[in-house]
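First up is the structure itself, then whatever we jot down about it.
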Amino acid sequence: MRSVTKYYLHGVVLFATGCAGNPDAKRLYDDLLSNYNKLVRPVLNVSDALTVRIKLKLSQLIDVNLKNQIMTTNLWVEQSWYDYKLSWEPREYGGVEMLHVPSDHIWRPDIVLYNNADGNFEVTLATKATLNYTGRVEWRPPAIYKSSCEIDVEYFPFDQQTCVMKFGSWTYDGFQVDLRHIDEVRGTNVVELGVDLSEFYTSVEWDILEVPAVRNEKFYTCCDEPYLDITFNITMRRKTLFYTVNLIIPCMGISFLTVLVFYLPSDSGEKVSLSISILLSLTVFFLLLAEIIPPTSLVVPLLGKFVLFTMILDTFSICVTVVVLNVHFRSPQTHTMSPWVRRVFIHVLPRLLVMRRPHYRLDPHRSRFAGLVTGAGETTLWDEGSPGVPAPPRPPPCAPPLAPCAACAPAEAPALCDALRRWHRCPELHKAIDGINYIADQTRKEEESTRVKEDWKYVAMVLDRPFLWIFTLAVVVGSAGIILQAPTLYDERAPIDVRLSEIAYTAAKPRPPPPR
């Protein structure tokens, strides 16, 4: 408690000593501002123009709102001019050459931001001004401006924006206040480095490329006098890592899923479901994009083109998938395969697409049974391919029995004669053979139907294969053609904010090792 009281008393003593020990500054302040009229422009003659110089020192690029087209900046507005009423002789005031006075007590140029979007048009914080014995007045007030900025979203998110800040006197014309840049060179109205970036905190979203300043003279319809302004152009290039990771890469991944629709087998029943799911995902991306960019109808942003291109591809893939599924599930009862379809999609295209169809094999037991039944229904019950054994014709059911061995000689086939005698005497066997013939006919029809269905499935598979390659090529070429349109991808200019900012240099400079 004693130490706090000691420091407090020490500060009071120093303050009192400073106030009492600087009578020259107090006397100078009283002499300068006792009869000073801050409402009158400080010129000797009314026709004289007062030169006011201005410069911006950018401290922070707070935000660039794309949707509302507003740039928010934190900067210092450096202004200087000569006021003949605020000059003095230092020898008469104890060698005092500089004096700090409240800016509210002196004349100030009404410099405002013409393209103000929100808030105050002029500086609201009235900081102190610095007076020099020569009459030079310097005033550096800080301010946070929200300026309107025309956003060009054509190449978003690989875009480059140029936002302007137009400063000028609201009341005085060019014949009364000659507005110029502090670093302006005689004979030119352009200053290449019009904004001071020495105290700039680098932005995590934008790189500063150029900051020129241009002096303009403009005539309005209301007045004959010119009105001067200094326009500061801030050219920025977006850092694309955030949007690349969160928008571009997911959208490209979804676009490549469109290709997999044609690789998915039709029997899975999920081809259309996958396409519609992709379409819904792209719709969500489109809604997110609409929340970011301004509602302009002049251009379509690059990311919007990419999402729209992918949506069109996915919609077309749904149409193709429906056609492929229609072909896949065809049957002999609904469609007949034309000869040219069989020739093109079964014999020609598979060779061109390097497709090999697996050989379709029926059940060997069913095939052997069908052949045996067919032979029995037409001739006899033995293998008709046996060499040396002719097949006798089948007599009508109501015909009288043949004489024994009338069809062949006993020496050639005695077993055949015995079989014929037994067969003609067994009517139940005729009914069994008729039933077997019916089953054989149904089996043949089923196998033929299966063969036709497999042919249609193969045609659908052949249809899927060229569209697989077509969509793969379309996605790769289309994505590259859209994304690579952005000129910032080929812009190799180094940002000047990192080079000129002393704060960024100090932060990037490695710390020395601690002493041992």
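Sequential numbering from 1, following the chain as shown.
Glycine is treated like the rest: Cβ placed from N, Cα and C.
The signal peptide annotation in Swiss-Prot covers 1-21, and the record cites sequence analysis as its basis.
The annotation topological domain 'Extracellular' is assigned in Swiss-Prot to 22-243.
The N-linked glycosylation site feature in Swiss-Prot is assigned to Asn45 (among others); the stated evidence is sequence analysis. A coil conformation is recorded for Asn45 (N-linked glycosylation site) in the three-state DSSP classification, outside any helix or strand.
Under the heading N-linked glycosylation site, Swiss-Prot lists Asn132 (among others). All protein chains included, Asn132 (N-linked glycosylation site) registers 18 other Cβ atoms within 10 Å of its own Cβ.
Summarising the annotation, Swiss-Prot assigns disulfide bond to Cys149-Cys163 (among others). According to its DSSP assignment, Cys149 (disulfide bond) is coil.
For Cys222 (disulfide bond), the number of other Cβ atoms no farther than 10 Å from its own Cβ, over all displayed protein chains, is 7. The feature disulfide bond is assigned by Swiss-Prot to Cys222-Cys223 (among others), with similarity to another entry given as support.
Annotation source Swiss-Prot lists N-linked glycosylation site at Asn233 (among others). Its Cβ taken as reference, Asn233 (N-linked glycosylation site) is surrounded by 17 other Cβ atoms within 10 Å in the chains shown.
For the transmembrane segment (244-264), the list of distant contacts is 157, 270-271, 274-275, 278, 281-282, 285, 288-289, 303, 306-307, 310, 313-314, 317, 320-321, 324, 464-465, 467-468, 471-472, 475, 479, 483: same-chain residues at least six beyond its ends, Cβ to Cβ under 8 Å. Look at Swiss-Prot and you will find 244-264 (among others) tagged as transmembrane segment, backed by sequence analysis.
Summarising the annotation, Swiss-Prot assigns transmembrane segment to 274-294 (among others). Within its own chain, the transmembrane segment (274-294) is flanked in space by residues 66-69, 151, 153, 156, 247, 250-251, 254, 257-258, 260-261, 264, 301, 303-304, 307-308, 310-311, 314-315, 317-318, 321, which lie at least six positions past its ends and keep a Cβ under 8 Å from the stretch.
Within the chain carrying the transmembrane segment (306-326), a Cβ under 8 angstroms from the stretch's Cβ atoms is held by residues 248, 251, 254-255, 258, 261-262, 266, 271-272, 275-276, 278-279, 282-283, 285-286, 289, 300, 460, 463-464, 467, 471, 474-475, 478-479, 482-483, all 6 or more beyond its ends. Residues or ranges marked as transmembrane segment by Swiss-Prot: 306-326 (among others).
Annotation source Swiss-Prot lists topological domain 'Cytoplasmic' at 327-465, citing sequence analysis.
Residues annotated as transmembrane segment in Swiss-Prot: 466-486 (among others). Long-range contacts of the transmembrane segment (466-486) within the same chain, counting only residues at least 6 positions beyond its ends with a Cβ under 8 Å from a Cβ of the stretch, are 155, 158-159, 248, 252, 255-256, 258-259, 262-263, 302, 305-306, 309-310, 313, 317, 320, 324, 349, 353.
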Query raised in the report: Using DSSP, would you call Cys163 (disulfide bond) helix, strand or coil?
Result: strand
Report task. Go through Cys163, Cys223, our disulfide-bonded residues, and report the one whose Cβ sees the most other Cβ atoms within 10 Å. Result -> Cys163
Query raised in the report: Which residues of the same chain, at least 6 positions away in sequence, have a Cβ lying under 8 Å from the Cβ of Cys149 (disulfide bond)?
Result: Val64, Gln69, Ile70, Met71, Gln161, Cys163, Val164
Report task. Please average pLDDT over the topological domain 'Cytoplasmic' (327-465) for the predicted structure. Result -> 66
Report summary line: Taking all protein chains shown into account, the Cβ-based neighbour count within 10 Å for Asn45 (N-linked glycosylation site) is 6
Report summary line: The rounded CA-CA distance in Å from Asn45 (N-linked glycosylation site) to Cys223 (disulfide bond) is 22
Report task. Looking only at C-alpha atoms, tell me how far Asn233 (N-linked glycosylation site) is from Asn132 (N-linked glycosylation site), rounded to the nearest Å. Result -> 31
